[in-house]
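Listed in Swiss-Prot for this protein:
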type: DISULFID; residues: C54-C67; note: disulfide bond
type: DISULFID; residues: C61-C80; note: disulfide bond
type: DISULFID; residues: C74-C89; note: disulfide bond
type: DISULFID; residues: C132-C145; note: disulfide bond
type: DISULFID; residues: C139-C158; note: disulfide bond
type: DISULFID; residues: C152-C167; note: disulfide bond
type: DOMAIN; residues: 131-168; note: domain 'LDL-receptor class A 2'
type: CARBOHYD; residues: N126; note: N-linked glycosylation site
type: CARBOHYD; residues: N195; note: N-linked glycosylation site
type: CARBOHYD; residues: N213; note: N-linked glycosylation site
type: SIGNAL; residues: 1-35; note: signal peptide
type: TOPO_DOM; residues: 36-229; note: topological domain 'Extracellular'
type: TOPO_DOM; residues: 251-282; note: topological domain 'Cytoplasmic'
type: TRANSMEM; residues: 230-250; note: transmembrane segment
Amino acid sequence: MSGGWMAQVGAWRTGALGLALLLLLGLGLGLEAAASPLSTPTSAQAAGPSSGSCPPTKFQCRTSGLCVPLTWRCDRDLDCSDGSDEEECRIEPCTQKGQCPPPPGLPCPCTGVSDCSGGTDKKLRNCSRLACLAGELRCTLSDDCIPLTWRCDGHPDCPDSSDELGCGTNEILPEGDATTMGPPVTLESVTSLRNATTMGPPVTLESVPSVGNATSSSAGDQSGSPTAYGVIAAAAVLSASLVTATLLLLSWLRAQERLRPLGLLVAMKESLLLSEQKTSLP
C-alpha cells in the first residue's frame, strides 16, 4: 500500500516538474516576442527610402538611399549605383566669357578637348585666351607664354618650336605678338661674305715645292725603315712550317703503328737512345 502511494507521489512530482518547465518555456518565448515585434511593410518602405533623410550637404541616391557629397553631383562620375547623381545635369556650351555652366565659376579649359556639349571649345571658338604679359611671346599652337628674349635663341622653348621659326627674316608671327627683325642685307655684306668664303692663303712657287719635298721625304723614311709586316709574315711562315712538320711526324708514327698506348713514349726513348749512340760513336 505504501509502495503504490509512493509511486503516485513520484508521478505527480514528475508531472508538476514538466508543467513548470513548459510554463517557463512559454514565458521566455513571450518575452522574446515582446522584445522584437514583427515589422510589417508600410507604404513608405515599399516605395523606397524617404527623401530628405540626407543632410543639405549630401545628395541621396534614388534607389539605395545612399548619401554622397553634393560636390559629386553632376561631376561625370557615377557615384550612385543607379546613376541618379548624374541625371538631369544641365551642360551648355562655353560662353564668350569662358564659363561652362553648371557649375558656375569654372573656366572653359580651352585645351583642344571637347569638354562641353557641342564641342565649342575643341576649336577654341568660344573660349577666351588670356593675354601674355608685357615682354612675353605667345606660342603659335598653344597658350604658353615665353619671354621675348627666348625668341630665336637657338633653343625651341614652345611645344611647337614656333619661337624658332622665321629667325633672321622680317617675318611677322601669325599671332602678331612680336616681329623679328634680322640684320639688313647690303652689297658690302654680301661682298665681304663672298671674299671670306672664296679667298684663301696665296699660292706661291715656294709653297708648292715645300709640299712636294715633305711628301717625298716622308715616303723615303717609310721605304728606308724596315716594316713590321715582314717580321709578322716570317713568323707566320715559320709557325706554319712547324705545324706541318709535326703533323707529318704524327702521320708517319701512326703508319708505323707506333702511336699506341705508351707507343709514343717508347718511340721517343728509342730516338733518344739512337741519338746518344750516334754521339758516342767516334
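Note: Cβ is positioned from N, Cα and C throughout, glycine not excepted.
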Using DSSP and collapsing to three states, where does C145 (disulfide bond) fall: helix, strand or coil?
strand
Least buried of the disulfide-bonded residues C54, C67, C89, C132, going by other Cβ atoms within 10 Å?
C89
Which has the fewest other Cβ atoms within 10 Å: C139, C145, C158, C167, the disulfide-bonded residues listed?
C167
For C152 (disulfide bond) and C74 (disulfide bond), determine the Cα separation and express it in whole Å.
46
List of residues, in chain order, with Cβ under 8 A from that of C80 (disulfide bond) and at least 6 apart:
C61, R62, T63, S64, L66, V68, E86
DSSP-wise, what's the residue breakdown of the domain 'LDL-receptor class A 2' (131-168) into helix, strand and coil?
6 helix, 6 strand, 26 coil
Measuring Cα to Cα, how far is C89 (disulfide bond) from C54 (disulfide bond) in Å?
20
Check the domain 'LDL-receptor class A 2' (131-168) for me and report the mean pLDDT.
87
Cα-nearest neighbour of C67 (disulfide bond) within the listed disulfide-bonded residues, C139, C145, C158:
C145
Cα within 10 Å of C139 (disulfide bond) is the criterion; apply it to the disulfide-bonded residues C54, C74, C145 and give the hits in sequence order.
C145
Which number gives the other C-beta atoms within 10 angstroms of the C-beta of C152 (disulfide bond), all protein chains shown included?
15
Need the DSSP three-state call for C74 (disulfide bond) to compare against my parser.
coil
